[in-house]
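For 1-23, the entry in TrEMBL reads signal peptide. Per TrEMBL, transmembrane segment is recorded for 135-155, 175-198, 218-237, 249-268, 274-294, 314-330, 350-369.
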Amino acid sequence: MAIVISAAVLWLTLLFAGSSTNAQTTIGATVVLDPQDVTVIVGERSEFFVKVRGALTQAARLNFSTEHADLVEVSPTSLSIEAPSVGNYIDRSYEITLFGVTPGQFDLTAAILPTGLIDDAAAFIRVTVANSQTIIVVSSVIGWIYFAAWTVSFWPQMIINYRRQSVVGLSFDFLTLNLVGHTVYAAFNLALFWSGYIEQEYLDRNPRGLNPVLANDVAFSIHATIATLLTVAQCFIYERGEQKVSRIAWGIICIFGIVIVTAGILVGTETFHWLDFLYVLSYIKLSVTLIKYVPQAVLNFRRKSTVGWSIENVLLDFTGGMLSMLQMLLNGYNYDDWASIFGDPTKFGLGLFSVLFDILFIVQHYVLYRTPEKRIDPIESNLETLLKQPHAITSTDTE
């Protein structure tokens, strides 16, 4: 059922979230600030360009906002844009210099006078003032390391299942919830990254924003979904004892399914937009992250063993989580952006929550339920049955 729900979510999202292009024709001149993302280091300078192109019949003035003068100095703060002496078509660029004062992030906007003479809808840039270029590089390296750690973390469990020819010890509830979580996450990323229609919805709501989904987000979510599906397939092939998905897990999945179907109906009745539907999927992903580790921790406790649960998976996930939080802290200092961590603690809190569960699994594996390697057996449930029989070990067996 979880696989059916996962496939339905992907199909439903991609079927209706087709690309749509809305051509816009601008009458008269337009002004654009290029590039629209600039990083400047405190005490250093960086440049960008004001580009004016189109029909212009009279002189205009462009003024930069001064509300963030405590973060950056803009030079010049105003430009005089003269009308062309021949004809009425203008195509000019003006260089602007930024000097970093204190760290922070903001939108630098510009306005044209007389109002309406030139289209200034794109007359803004996103400015990031950083304390250190070195921290930017270190943060980027850390980002790639934890991306790699999280990506590789899916494979140790599949390898241990293959070597043991058994999935005994792996919680089916955890696996099922994980599949649902990664599938809705993949649907969210695929739709927002590839659907021009949904991306435009996002930009309409966030006129100066960027698409939050990057190519590596799409690659990771697809890989995570496929890897989890392969692990699910192993559960149908290898020894699994009496393990099965619990009624509680099925109940949770049914609730998620009802929520997804309801959101889809709301989209169909135009009560919701497709972007709202994707946000519903993201909330389901967050919910799964909060609860998915509980079944595995309970199973380990009941069995008094972590045999069958890959500790390498846990260590890689722990590494990724710690580095992710370290990166957030470094960025918080470098850009003086602590509000993104503590003002909206969702991302940081979820990362910390996962790390705490990883610590619990590490304690279970290395402290509470330490198991000699010789006791690991791919068909332990069958052996236990045999060893309970009086004639299971004969004198010839011990010679």
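Cβ from N, Cα, C; glycine included.
Automatic prediction, not curation, is the source of TrEMBL annotations.
Most Cβ pairs under 8 Å with the transmembrane segment (175-198) belong to 274-294, among the candidate stretches 135-155, 274-294, 314-330, 350-369. With Cβ pairs under 8 Å as the measure, the transmembrane segment (314-330) is packed most heavily against 135-155, out of 135-155, 218-237, 274-294. Across 135-155, 218-237, 350-369, stretch 350-369 shows the highest tally of CB pairs under 8 A with the transmembrane segment (274-294).
Counting only same-chain residues 6+ beyond the ends of the transmembrane segment (218-237), those with a CB under 8 A from a CB of the stretch are 3, 6, 147, 150-151, 154-155, 157-158, 161-162, 167, 170, 172, 175-176, 178-179, 182-183, 185-186, 188-190, 193-194.
Counting residues 6+ beyond its ends, the transmembrane segment (350-369) has Cβ neighbours under 8 Å at 286, 289-290, 293, 296-297, 300-301, 303-306, 309, 311, 314-315, 317-318, 321-322, 324-325, 328 in the same chain.
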